[in-house]
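Okay, structure first, notes after.
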Amino acid sequence: MGSMAPRTLLLLLAGALTLKDTQAGSHSMRYFYTSVSRPGLGEPRFIIVGYVDDTQFVRFDSDAASPRMEQRAPWMGQVEPEYWDQQTQIAKDTAQTFRVNLNTALRYYNQSAAGSHTFQTMFGCEVWADGRFFHGYRQYAYDGADYIALNEDLRSWTAADTAAQNTQRKWEAAGEAERHRAYLERECVEWLRRYLEMGKETLQRADPPKAHVTHHPASDREATLRCWALGFYPAEISLTWQRDGEDQTQDTELVETRPGGDGTFQKWAAVVVPSGEEQRYTCRVQHEGLPEPLTLTWEPPAQPTALIVGIVAGVLGVLLILGAVVAVVRRKKHSSDGKGGRYTPAAGGHRDQGSDDSLMP
């Protein structure tokens, strides 16, 4: 049997999204189904969210006033009206299937129905830039832990524990892997291609990151340099700190890429450096929207003392010029008074002598 798929299923009821790495130049479609039992409060709550690449495009919530599959991307307005009726019915049917799954899991794990439990699945497909299929996946989780997953070959299953082996035997006998493989390799790909065409202005764009480095003193001897990348799409990006040209991967604190709230993404990477050695560190930013990688360093702010010196020098220069003008005017004034005549300005000069008087001490 193949290895279990990564533990990426999260409780989407809280709106969390774990971004799944994809190959550069590829596209993906993913669906997340979550059913949460709530004893004494009626039917389990059932939620579906669908993503094309990093953009949510559909959502269903059984707790809505009128539960329907809903549009979450503007370009989904291009689909025919019956699409929403069909997807709503599929969602309602799946909600009932998941209700049964929750009850079955209670028996398999010998648990009481008094507590709340969660059953989830994530499935989807990925295609190359030219639309060719290259990867599919389907995995299930119970109470936040792996339950069973379709292997990489899309022909067999891996169960996480003895309880899940009951499901594995049942699905192997029913040929469930073959059914899912057919969907992932064909129907999933066809829909993904269609969505990519409808939303190409959004989904196939490449917004470059706005990047900069900030400086945060940690102590008298150390400081933290943080490299920021903001406003980029798609989500795939690389931030690498280097010291004298050598990667500092082991010493870098790197946060997960996260949504920026406006359809773009943000990320940062930080490294602690000795004070005074900041200029030896550079941040390298690579993203599909950049014509070439960015190389950034921390730019120290202008020193206040240097600014003050510059201002003082400028003021002194102005005073020297004014002093020279005053001296010239005084000499001309004294020269005119000595001859006992009146000073008459040359033709074309200033006719208002008041400006000269204002310069006198």
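Just so it is clear, glycine is given a Cβ too, placed from its N, Cα and C backbone atoms.
Lifted from Swiss-Prot, the feature list:
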SIGNAL    1-24  signal peptide
REGION    25-114  region 'Alpha-1'
TOPO_DOM  25-308  topological domain 'Extracellular'
REGION    115-206  region 'Alpha-2'
DISULFID  Cys125-Cys188  disulfide bond
REGION    207-298  region 'Alpha-3'
DISULFID  Cys227-Cys283  disulfide bond
REGION    299-308  region 'Connecting peptide'
TOPO_DOM  330-361  topological domain 'Cytoplasmic'
REGION    335-361  region 'Disordered'
MOD_RES   Ser355  phosphoserine
MOD_RES   Ser358  phosphoserine
A 10 Å Cβ contact count, applied to the disulfide-bonded residues Cys188, Cys283: which residue has the minimum?
Cys188
Kindly assign Cys283 (disulfide bond) to one of the three DSSP-derived states: helix, strand or coil.
strand
Mean pLDDT, the region 'Alpha-3' (207-298)?
96
Secondary structure tally of the region 'Alpha-2' (115-206) (DSSP, helix then strand then coil):
40 helix, 29 strand, 23 coil
